[in-house]
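A.B. asks: OK, TrEMBL features for this one:
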BINDING   Gly20, Pro21, Ser22, Gly23, Ser24, Gly25, Lys26, Ser27, Ser28  ATP binding site
DOMAIN    16-238  domain 'Cytidylate kinase'
Amino acid sequence: MTDTATDLPVRTPLSIAVDGPSGSGKSSVSKAVARSLGLAYLDTGAMYRAATLWVVREGVDFDDQSAVAAAVRAMPLVQTLDPVDPGVALAGQDVAEAIRSEDVTRVVSRVATNLDVRAELRRRQREIIDGETRPGGYSAGRGIVAEGRDITTVVAPDADVRILLTASEESRLARRSLEVRGTADAESVAAMRDQVLRRDRDDSTVTEFTVAADGVVTLDSSDLDFDQTVAAALQIVSRAAHVRPATKA
Ligand SMILES: Nc1ncnc2c1ncn2[C@@H]1O[C@H](COP(=O)(O)OP(=O)(O)OP(=O)(O)O)[C@@H](O)[C@H]1O
Ligand SMILES: Nc1ccn([C@H]2C[C@H](O)[C@@H](COP(=O)(O)O)O2)c(=O)n1
């Protein structure tokens, strides 16, 4: 495999783990990196969102932690790993749009902070990253980019490349506001505080995604535009994962 940013060969299969807070650009940057390198793409946040939708649809009480975990263990989730068109299906039904609804975003942290749910989804994530299951028929022989909140630290601490993608609160709120409302005026930015900052506060009770663990490279995108951030991520990959020719004695 060749890194299109540097034209140098990189390890195959290649595993790239990306974590970071809400709105830092994990999904969009990871998809672009995966497209550029011809890798599969795993959105682990989509798994927590699908689990939340499933729990709601099954009529399970969020306060009944063991019933929530049992429902998630039985969840018939299939994701496609194509970075151009990542799909999410529950019981054969396309839910890619439904899991992004405000209703799901508001309550997803309640499911994501259930430790038994986390254990089940971690198990599924590792199977996908390790190549034991590749749902949805997308071939990921060249490797995978997996992104979330605990991929660099807990799910895939042995990944070839590990990146913590950060950005200031101000940038993250403005980006989310532009994405959701098409404007970053003061009122719209303020309206994003719950789905960005409150959610991070709740999620960070069970995972650390603001400080890089040992060996994880921090990429601060606050002052970078999208293309610059993707280029910087590709540089990190190429530095960390080049196959160096053997040196002659
Ligand atoms: N460096 C950047 N500069 C400007 N906008 C960016 C940058 N990176 C990402 N964006 C935009 O910010 C928005 C949020 O990005 P994205 O959804 O990828 O974040 P995320 O970290 O995956 O968030 P969440 O965890 O909440 O799903 C998107 O509209 C994306 O296009
Ligand atoms: N590895 C992960 C991925 C996601 N989460 C939680 C945190 C979020 O509130 C929720 C949805 O993620 P998003 O789609 O916004 O990236 O899932 C987690 O705890 N661990």
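Glycine is treated like the rest: Cβ placed from N, Cα and C.
Where the annotation comes from TrEMBL, it is an automatic prediction and has not been curated.
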A.B. asks: Look up Lys26 (ATP binding site) in the DSSP assignment and reduce it to helix, strand or coil.
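C.D. replies: Helix, per DSSP.
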A.B. asks: Here are the binding-site residues: Ser22, Ser24, Ser28. Which has the lowest count of other Cβ atoms within 10 Å?
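C.D. replies: Lowest Cβ count within 10 Å among the binding-site residues (Ser22, Ser24, Ser28) is Ser28.
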A.B. asks: Taking all residues of the domain 'Cytidylate kinase' (16-238) together, what is their mean pLDDT?
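C.D. replies: Mean pLDDT for the domain 'Cytidylate kinase' (16-238): 95.
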A.B. asks: Mind giving me a neighbour count for Gly20 (ATP binding site)? Other Cβ atoms within 10 Å of its Cβ, every protein chain shown.
C.D. replies: 30
A.B. asks: For Lys26 (ATP binding site), what residues in its own chain, 6 or more apart in sequence, show a Cβ-Cβ distance under 8 Å?
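C.D. replies: When sequence neighbours closer than 6 are ignored, Lys26 (ATP binding site) has Val18, Asp19, Gly20, Gly45, Glu147, Gly148, Leu165 within Cβ distance under 8 Å.
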